[in-house]
Amino acid sequence: MKFLDSAKIYIRSGDGGAGCLSFRREKFIEFGGPDGGDGGRGGDVVVECVGGLNTLIDYRYQQHFKAKTGVHGMGKNRAGGRGADAVLKVPVGTQILDEDGETMIADMTEAGQRLVLARGGNGGFGNAHFKSATNQAPRRVNPGQEGVERTVLLRLKLIADAGLVGLPNAGKSTFLATVSAARPKIADYPFTTLNPQLGVVGCDGREFVLADIPGLIEGAHEGIGLGDRFLGHVERCRVLLHLVGADTEHAGKAYKTVRRELEAYGGGLADKPEIVALSKVDSVDPDTLKQQAMRLKRAAKRAPLQLSAATNLNVQKALRAVLAEIDAAAVADAAGTAADAVVWAP
């Protein structure tokens, strides 16, 4: 399935049904009076968050959505039926923005979450509604209220517990394929990964979701390479696993390049907990490995993990470190929520 993380759609709720102009006509009833029913309400445009989706590709081929018009009122005081809703299904993690691209309407973060984007128009009154002591045979009816029309933007930010970042060819896809059932494309040339990939990782009887995003290069925040637009998919991650290939020219410079791009992107990415690992250690000789490890240690100001996804060296150690950071972030979030809670007192 092709990946698409943004879409512009045009929506319109249904018009209300018109009221009915009708009079009671029966044998032996000389003055039957008005019996026109009210029109039905127009359908709503509803966004529903569903599990099992991780792309907005459906909205590439259809951008216009309109709910059904309410049924018109009928004689014998019969009201019209309600118009059918237009339901838009989106993946978990979809943000709904106004046409300006900045005003947030909603953030769909849970499966089953529903939001009415455009409410249908009310149905018009039939002539029975206007009967009075001074007007026994009204010929007045209301048309249905018009529906609401608007343009909205959908932006998907995948929800993962941890994110893989690094330069192209740092071994991110190989790592994801080793620790999960995900099967990203793997090759020895840059930008093999063109779209974010998700994998469910098992570690010590527990599971978490790991996201692999396309590699960053210097100047990505200015649009060079694939740009930095995919960094939005790790905004929700609680921890970043930063892989630096041991076969790169200078591990320290490679690390600093990615850090500069994270800081330039903003969104709090540079402040997230980070685990630094020197990957592909099986691809270099011991002297080169020692030199690269020292360079990375000086740049990151901490001793990096040394791992190899191809030989499984220290892979479990890296996963346990990620899991520990996820747990620490969860505890911090819970403490923050408790601190913000208002204590009720009589």
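Backbone N, Cα and C atoms are what each Cβ position is placed from, and that goes for glycine too.
Here is what Swiss-Prot records for this protein:
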- 1-159: domain 'Obg' (DOMAIN)
- 160-327: domain 'OBG-type G' (DOMAIN)
- 166-173, 191-195, 212-215, 279-282, 308-310: GTP binding site (BINDING)
- Ser173, Thr193: Mg(2+) binding site (BINDING)
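Under the three-state DSSP scheme, Lys172 (GTP binding site) falls in the helix class. Counted within 10 Å of its Cβ, the other Cβ atoms near Gly166 (GTP binding site) come to 26, all protein chains included. Neighbour count (other Cβ atoms within 10 Å of the Cβ, all protein chains): 25 for Lys280 (GTP binding site).
Between the binding-site residues Asn169, Ser173, Asn195, Ser308, Ser173 has the most other Cβ atoms inside 10 Å of its own Cβ, all protein chains included. In the three-state DSSP reading, Pro214 (GTP binding site) counts as coil. Other C-beta atoms found within 10 angstroms of the C-beta of Lys172 (GTP binding site) number 31, with every protein chain shown included. The secondary structure of Gly166 (GTP binding site), as reduced to three states from DSSP, is coil rather than helix or strand. On the backbone, the CA of Asn195 (GTP binding site) and the CA of Ser173 (Mg(2+) binding site) stand 11 Å apart.
Looking at Ser173 (Mg(2+) binding site) and Pro214 (GTP binding site), their Cα atoms lie 9 Å from each other. Asn195 (GTP binding site) falls within neither a helix nor a strand when secondary structure is assigned with DSSP, and so counts as coil. The local packing around Pro214 (GTP binding site), expressed as other Cβ atoms within 10 Å of its Cβ over all shown chains, amounts to 25.
DSSP assigns Ser308 (GTP binding site) to a strand segment in the three-state reduction.
Looking only at the domain 'Obg' (1-159), the predicted model's pLDDT averages out at 92.
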